[in-house]
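Reviewing the structure listed below.
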């Protein structure tokens, strides 16, 4: 039996594999795990054959086949996850070099914040093109080039003597690492069984959170030894090494790739067709809103306003406040793979999304507004909030399963763009709400916000958890199965 580019040589009958287009056999549910035996041969970068659709089939080519070790798909995923980890490292790196950047470029806090934020402008703005490009050209070349550009951007930033050069470096980094998340998910989609997608997405997100932690205290120690320019130079070198490994090891076509059309099957789906198909699907927006709402506390509270909030409301020092907010990110690193595993285990997406949204609503509201809570309890609630909110990762599984596999990159890109928009929207929105409630108090040349001002601003984050809960109610259950199994552009399913 040959299916979507895989060749079975084992004398035992193979398990049920997904049919053309990535959909699963209705009798198999979420089964179809590739056997761990080394007898599995995978056709790499060869046109896959599809038994039930002659128009989409193409003769096998023995010259294009070679044995692939069972560990190779996991190694390829690991390289994609490492690139995502690197991108998260670059996202948080400026937080530990603020003093150096202000002194080096003779700028204030506003310009320093702009310099750091340029990363998000290119990252979020490129998410739709990222998905289209990955759909067309595959993850190997795209991720290798993007990783090399990320290293070049880091080197440009490290060597810049002017603010404009630093701006250019930061923009280049953000644009390059924009490919990391969707690229890693595309590797999972093409090389690992569909029922593992949610759990592997969670593990990928956990790798990113590890990179975010690495861009804080460990990077600060390195800066003390070799300076911020030297540290960014080391980061540039590591990116170039990773780019080489991706180019050498990652392959584009795996056993779960959508079938490649032949001339008899009609024209290949265009980039525009993939994007149009995704944008016409209401479920794309449902899971995108869910992602943005559930992500808003992590990006805007843990990422920016949590430390001053805890300092003012609970009277703790900066280090202790930072430790508490980092607990939310650590919780995400734990919760994302845990929620993904639970969803795969139950073969349910929607119920776990509901658990995540309701748990986030309760824990965040308690942490911010429950009267008389000691600081230790607030920190514990933030950790638990991160664990349950890690269920946001399911939006990528649901978004992929509600759209055809030939448009998987576009679907993941649109959902990720909506999720990343939470940081761009809610960080300045909370600042605007704080300014509206400011009573004019100044200290050491900066505004001081009262406890009442902070509490009048943070309600919007609690409200967004309610929005996430409503979006989860509107999401359609997929039971871990591909809902849109079409192999050519056409009316939405």
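Placement of Cβ uses the backbone N, Cα and C atoms for every residue, glycine included.
Because TrEMBL annotations are produced automatically, they should be read as predictions rather than curated entries.
Taking TrEMBL as the reference, the stretch among 200-222, 453-475 described by the feature transmembrane segment is residues 453-475.
Checking TrEMBL for transmembrane segment across the ranges 26-50, 226-250 points to 226-250. When TrEMBL is compared with the stretches 52-70, 71-89, the one noted as transmembrane segment is 71-89.
Recorded stretches compared: 71-89, 141-159, 375-398, 453-475; the one with the most Cβ pairs under 8 Å to the transmembrane segment (226-250) is 141-159. The list of residues near the transmembrane segment (453-475) in space but at least 6 beyond its ends in sequence, with Cβ under 8 angstroms from a Cβ of it, reads 283, 286-287, 289-290, 292-294, 296-297, 300-301, 305, 308-309, 312-313, 349-350, 353-354, 356-358, 360-361, 364-365, 368-369, 398, 426, 429-430, 433-434, 437-439. Against the transmembrane segment (405-433), stretch 171-192 has more CB pairs under 8 A than any other of 71-89, 141-159, 171-192, 320-339, 351-369.
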